[in-house]
Amino acid sequence: MKKQGILHRDLAALIASLGHGDLVVVADSGLPVPPGVPCIDLAVTKGVPSFLPVLEAILSEMVVENATVAEELKPNEQIIEALAGRLKPVQLHFINHESLKTCCRQARAVIRTGEWTPYANILLYAGVAF
């Protein structure tokens, strides 16, 4: 039994299996998961677990070289600032929400949280540790 880090077996296995350039999506509770894309559903109730703590856990174990969110999230300055701070030195990129949903088709998995904030979704592209 693991005693630290990500304990969810499917999430831990996903991160361990990632290769350079692989896409993982951390999503709010409303993002549609494209057919054929695995969904690791962590949502329990409205807001539980929330987006940022799940993202923090993933970032503690995943090498990220690129991160993208929807332009529609920009008015939520609190989340944008939180994301920018947690992702440093990786720069946060923006695309429209429809394009973000299209990108999800290429994801290795969508991690569904209980987040209730509109557009609280992020595309994380795996980097390499060397």
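A Cβ is built for glycine as well, from the same backbone N, Cα and C atoms used for every other residue.
For the substrate site, Swiss-Prot lists D28, Y119, A120, N121; matching the candidates H8, H97 against that entry yields H97.
Scoring each of the recorded positions (H20, H97) by how many neighbouring Cβ atoms lie within 10 Å, the top position goes to H97.
Close to the recorded substrate site, the chain also has A27, G30, L31, V69, A70, E72, L73, L100, E115, T117, P118: residues not among D28, H97, Y119, A120, N121 whose Cβ is within 8 Å of the site's Cβ mean position. Less than 8 angstroms from the CB of N121 (substrate binding site) sit V25, V26, A27, D28, L31, V69, A70, L73, L100, each of them six or more residues away in the same chain.
The number of other CB atoms found within 10 A of the CB of A120 (substrate binding site), across every protein chain shown, is 24.
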